[in-house]
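Taken verbatim from TrEMBL:
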ACT_SITE  D220  active site, proton acceptor
BINDING   G101, R164, G165, G189, D190, G191, T192  ATP binding site
BINDING   D190  Mg(2+) binding site
BINDING   T218, I219, D220, M263, G264, R265, E319, Y375, M376, I377, R378  substrate binding site
DOMAIN    95-399  domain 'Phosphofructokinase'
SITE      G191  site 'Important for substrate specificity'
Amino acid sequence: MSSPKSIKPKIVNGPGGYILQDVPHLIDYLPDLPTYPNPLQDNPAYSVVKQYFVDADDSVPEKIVVHKDGPRGIHFRRAGPRQKVYFESDEVHACIVTCGGLCPGLNTVIREIVSSLSYMYGVKKILGIDGGYRGFYAKNTIPLNSKVVNDIHKRGGTVLGTSRGGHDTTKIVDSIQDRGINQVYIIGGDGTQRGASVIFEEIRRRGLKVAVVGIPKTIDNDIPVIDKSFGFDTAVEEAQRAINAAHVEAESNENGIGFVKLMGRYSGFIAMYATLASRDVDCCLIPESPFYLEGEGGLLEFIEKRLKEHGHMVIVLAEGAGQDLMSKSMESNTLKDASGNKLLKDVGLWLSQSIKDYFKKIQMVMNLKYIDPTYMIRAVPSNASDNVYCTLLAQSAVHGAMAGYTGYTSGLVNGRQTYIPYYVSY
Ligand SMILES: Nc1ncnc2c1ncn2[C@@H]1O[C@H](COP(=O)(O)OP(=O)(O)O)[C@@H](O)[C@H]1O
Ligand SMILES: O=P(O)(O)OC[C@H]1O[C@](O)(COP(=O)(O)O)[C@@H](O)[C@@H]1O
Ligand SMILES: [Mg+2]
């Protein structure tokens, strides 16, 4: 796979240490493109709202906590509809693709891209790409319109299908060019945004009038620049069911341990938020905070103490936690998934066994119940707050593409919708 971090940052400096980390625009390489008035200005649902259009110079600060003498710092372009657009409605031929692991809200984002394009901008030609990146060249497309997507936000998963691997930049861009697609909406996590970045580079190299737009999907919430990823709230909420079950099991058995493993390859956000929300969890293990098992201050000592004091306990573990401990006791693991992500060993099973072995050794009764709800959590439809978030993300993505921006990810920064250059979003 190619290394995508070759995009030259588009930086605009202003007074007081102001920095705009800008996103590319079609006119960067197609300077003579004509503009058109935004059709929203004639739409009765929007034209009544004062200041509906975003000022071209509006930007959003990356950091809101600043020192009084410090520079104004990095800003991102504010998302939203512009007065002028670079596509006429009947000229637009859009496509949508979903890649990587499942995440609640994927269908809502798909639905709202289709709805925004058709209801706000009068676009009629929208295609779904079947089964992730490889669908561009290996599968048939799925025609989308507001009728087809009407009910999909009530379902989990993605109606377009998804996959890992299969990113072939040349074949993908050939397919985009051959089909006459000029707006590409790519929904996926860090790997997907890396893939989108190289697609954008190739499109720019070929000089095509094609906007490439990313919408960040990461249930692990591991894209630092955005406030949080869509589906995260739903995942935290759904995780409560597993934690509650673990608590019931733990309370009902002698020296019961309810042990729940949650998602998070390299970050423990779901585990940590689910723990904070539940209030029943005694111990939360995340990759950001190393721990050890044996001896004073070790996990096993803590568990023993807790069981002696309370007679039961609940442990929540992020899948990426304790991988270093496991590799010491097992042969090293170099396996990767089709996208190149390191395949983690099941730390939950390993840790359960280590805890069982310890209590057997000290001859203390203990009942451990292990729950891995990963796929049950990922597969649910998004909750109310994620639905709102997905809708705004999708609308922002569409406004940006219509305004000629490209090579960006639509994301929430400090509570505001922004356009973030690809190289910042993975
Ligand atoms: N460096 C890269 N260059 C091009 N495509 C990539 C790159 N990394 C990942 N991809 C592609 O992005 C898609 C999704 O990546 P993956 O890591 O599985 O999920 P996610 O996007 O959720 O992180 C896959 O089709 C994968 O081949
Ligand atoms: O078993 P799968 O489908 O490969 O997915 C497992 C991975 O998917 C995730 O839930 C999300 O990862 P991505 O955002 O990279 O798709 C990870 O937490 C987990 O390791
Ligand atoms: Mg990822």
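From the backbone N, Cα and C atoms, a Cβ is placed for every residue, glycine too.
Predicted automatically and left uncurated, TrEMBL annotations should be read as such.
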Task: Determine which residues of this chain, when G101, R164, G165, G189, D190, G191, T192 are set aside, have a Cβ within 8 Å of the centroid of the ATP site's Cβ atoms, and list them as they appear in the sequence.
output: C99, G100, G188, G195, S339, N341
Message: For T218 (substrate binding site), which of the listed binding-site residues (G101, R164, G165) have their CA atom within 10 A of its CA?
response: G101
Message: Between the two most separated Cα atoms in G101, R164, G165, G189, D190, G191, T192, the residues recorded as binding ATP, what distance in Å do you get?
response: 13
Task: Do me a favour and check the Cα-Cα span between M376 (substrate binding site) and G101 (ATP binding site); whole Å is fine.
output: 13
Query: Which chain-mates of G264 (substrate binding site) that are at least 6 residues away have a CB under 8 A from its CB, listed by sequence?
result: D220, D222, I270, A271, I286, P287, A318, E319, G320, A321
Message: Filtering G101, R164, G165, G191, D220, E319 (recorded positions) by proximity to ligand 3: which pass a Cβ cutoff of under 6 Å to any of its atoms?
response: G191
Query: For G165 (ATP binding site), what is the secondary structure state per DSSP, taken as helix, strand or coil?
result: coil
Message: Return the average pLDDT for the domain 'Phosphofructokinase' (95-399) as a whole number.
response: 95
